[in-house]
Every structure is written in structure tokens, then in C-alpha cells.
Amino acid sequence: MKTLLLTLVVVTIVCLDLGYTTKCYVTPDVKSETCPDGENICYTKSWCEVFCTSRGKRIDLGRAATCPKVKPGVDIKCCSTDNCNPFTPWKRH
């Protein structure tokens, strides 16, 4: 009986989501934040604007419930593990 009870407790703990939430980097501060319930996708969105050749692409880091749809000319990468959307600033020469 004790073995059955212990097995049930272990299965319950493994199957339950014990309040775990994903963390994503978010702009403009580029700091890691805990995602609210239902938002488990981190993304990095990038695109060119007027000053793209001299300043590089614009970058937007965030979180969402699903990977956002983007317009042509906008690149997006989505992921679902903690802090999987880091931003590495490019070096100016």
C-alpha cells in the first residue's frame, strides 16, 4: 500500500506543472523577465530601417503565446527555453 501511495505521489509531482514559467529577454532594457501565464515563447525580431547600413538592424526582444507573424522584410526567431533570445550588440569598427 505504501508503495502504491508513493508511486501516486511521484506521478502527480511529475505530471503537474508546479508553477514553472519561462524567462525571456525583453526590450528596451534587454533584461530577463518571467513570462506571464500563457506566454511561453521568446522571440527575436529584426528589420532594417533608414539607417540600417550605418547602425545595423533594429532588434525587438519579447515574449508571446505563439510565434508572432511578421511582415515581409522582418526576420523572426522563436524559441521556448529560458533566456533563449539573447541580444549580442554588434561592435562598431
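Glycine residues also receive a Cβ, built from the backbone N, Cα and C atoms like all the rest.
Residues or ranges marked as signal peptide by Swiss-Prot on the basis of similarity to another entry: 1-21.
Look at Swiss-Prot and you will find CYS24-CYS42 (among others) tagged as disulfide bond. Secondary structure from DSSP puts CYS24 (disulfide bond) in a beta strand. Every protein chain shown contributes to the tally, and the Cβ of CYS24 (disulfide bond) ends up with 27 other Cβ atoms within 10 Å.
Residues annotated as disulfide bond in Swiss-Prot: CYS48-CYS52 (among others). For CYS52 (disulfide bond), the Cβ neighbour count at a 10 Å cut-off comes to 11, with all displayed protein chains included.
Look at Swiss-Prot and you will find CYS67-CYS78 (among others) tagged as disulfide bond. For CYS67 (disulfide bond), the same-chain residues 6+ apart in sequence whose C-beta sits under 8 angstroms from its C-beta are ILE41, TYR43, ILE76, CYS78.
Annotation for CYS84 (disulfide bond): spatial neighbours CYS24, CYS42, criterion Cβ-Cβ under 8 Å with sequence separation of six or more. Taken from Swiss-Prot, the feature disulfide bond applies to CYS79-CYS84 (among others), supported by similarity to another entry.
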Cα distance (Å, whole number) from CYS79 (disulfide bond) to CYS48 (disulfide bond): 22
CYS52 (disulfide bond) versus CYS79 (disulfide bond) - Cα distance in angstrom: 25
Disulfide-bonded residues: CYS42, CYS48 - member with fewest neighbouring CB atoms within 10 Å: CYS48
